[in-house]
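Undergrad: Dropping a structure here in structure tokens format, bear with me for questions.
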Amino acid sequence: MKCLEDVSCVRFYEAKRNVKNYVNIIPSEIGTCSAMLGYRGGEQRLQLAKERPKCFNPIIVAHELLHTLGFFHEHMASDRDDFITINWENIRPGREIFYMKLDNKTATDFGYGYDYESILHYGPMSFSDNGLPTITALDSNANIGQRDHLSPKDIGKLNAMYNCPLKVEENENQESGQTEDGGGPAEESEEGEDESEETETEEGEDEVEDESKNKIDGDDVEESEESINEINGVVKVELAKKKYIPSEINEI
């Protein structure tokens, strides 16, 4: 939460008993990390699996919170074909829906354009069925699927969505500016690929999936004790600043 608050006007508050609309952060009963997409009203669940340390990487948590705040995955953008190729034949059966392309009436980039470095972008090997890339970036130098830090465009879009008075280039000068690494390292393999990815469940929720079977000797992520202490158990927070209705940001 802090890494989002540090770069925007969005604020999370512990909800009181009489609050009607809130995000309920709870331990997952099915071993996933998931978040409902966009403002819905009432209780809105964000689930983190205690047994999966990767779920508590601050940037993975930020990824899920961005879904709660109304963000789709970046690789689903309407203009994605100008930047990436989806290799449908390599995608694990049943996961194709997670690579669908949105139209520009469903989602907007607020003029920031496509973002290879977004924490909401899948990596090249996400949900590979055969060890071959599911996404190929047309820019050979692009780093897709990183989970190290919020990208400048992630920050810009968040501020634009919630009408924040901040500009991306000014964030470094804020008193509570973002930490240099954005919170913590994502788990990576020897090739530097992110080993934890997110996808939508049948209920339209987002879950972290372990792709280690497509990796070689992935390094263990360092567990953030502070993050676990803050999030473990049931914590309720209320969305601030602006409410997004389902007709503006639809569930996949």
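Cβ atoms here come from the backbone N, Cα and C positions, even for glycine.
Per TrEMBL, the features are:
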{"type": "ACT_SITE", "residues": "E64", "note": "active site"}
{"type": "COMPBIAS", "residues": "187-210", "note": "compositional bias 'Acidic residues'"}
{"type": "COMPBIAS", "residues": "219-228", "note": "compositional bias 'Acidic residues'"}
{"type": "DISULFID", "residues": "C9-C164", "note": "disulfide bond"}
{"type": "DISULFID", "residues": "C33-C55", "note": "disulfide bond"}
{"type": "REGION", "residues": "170-233", "note": "region 'Disordered'"}
Undergrad: Which recorded positions are spatial neighbours of C33 (disulfide bond) here, meaning Cα within 10 Å, out of C9, E64, C164?
TA: E64
Undergrad: What Cα-Cα separation, expressed in whole Å, is found between C9 (disulfide bond) and C55 (disulfide bond)?
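TA: Cα-Cα distance, C9 (disulfide bond) to C55 (disulfide bond): 25 Å.
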